[in-house]
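Participant: My structure is below; once you've seen it, I'll send some questions.
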């Protein structure tokens, strides 16, 4: 779904950088190394133009694609009417609450295990972790969202229930489905609907920067054997100062998001997971990210089932973003062999 866009300074900087890198690569680096109209020159111009076009297309789509809006009619699955429905801030200390929940879980462990054996837990919320209670030997299911402890997720600012993995963006002033982060360079949030497009943009940006840097080095080698114009020397210096840090920064950023995709995490969930793991280890419990389905399944879940479409800025496979598969779905749905 398209969204209204307001031009910002950061978007202008990115647009200017893409334009400068393309023009300097084609009309300076390629021209001085091979000549634009030579066969090698036309080959490199064609390849780099394709990379630049994919970069621009992905960037434009990432900007204009709405990251995912929570429907006004969304309601969470409420099985237990006794549970309070509100949001707890992450800044609150939870030691006492975890203690009460562990004690309550211990008291109900035998009942919960009985329900699991009878395959009656299909309607349970998917935001859960498997945890080991410190008071007994049972391994039980505990409703335990990443940022809320055993409570339904409600955004007080939007006055809406939040689906799993949705978060409120203070800059966009609304909740975003499967929010990863707010990107000032796109003047947009990166969320459920445009995450793959954003990833493809970063991928093509890294390839383009490295390709341009290689052509720059090649043209410098040629220029060392003949007199170069002062303007070309200035372009080489400016381009080198721009491409080297940009390639390193974007390359690190790309590796970071490959790591997140392989584990089916968002940037927010990674930081929350670090804290959750610390709390779990402190309490003698086991932590496991509930949405990690395995590397290949995670790639399919985020990039789509068609491998050939992984490198195109499309997002037709993503679904509504209100519910997500977890590693425990099959375990819960497995019928009792008895």
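Including glycine, each Cβ sits where the backbone N, Cα and C put it.
Straight out of TrEMBL:
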type	residues	note
TRANSMEM	7-30	transmembrane segment
TRANSMEM	42-59	transmembrane segment
DOMAIN	152-271	domain 'Palmitoyltransferase DHHC'
TRANSMEM	197-222	transmembrane segment
TRANSMEM	234-262	transmembrane segment
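Just tell me what is around each of these and how deep it sits.
Facilitator: Counting same-chain residues at least six beyond the ends of the transmembrane segment (42-59), those with a Cβ under 8 angstroms from any Cβ of the stretch are 14, 18, 21-22, 25-26, 30, 34, 36, 186, 197-198, 200-201, 204-205, 207-208, 211-212, 215, 313.
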Participant: By DSSP, how many residues in the domain 'Palmitoyltransferase DHHC' (152-271) are helix, how many strand, and how many coil?
Facilitator: 67 helix, 17 strand, 36 coil
Participant: Taking residues 6+ outside the transmembrane segment (197-222), which of them lie with a CB under 8 Å of any CB in it?
Facilitator: 21, 24-25, 28-30, 32-33, 44, 47-48, 51-52, 54-55, 58-59, 61-62, 65, 180, 183, 186, 190, 236, 239-240, 243-244, 246-247, 250-251, 253-254, 257, 261, 302-303, 311-315
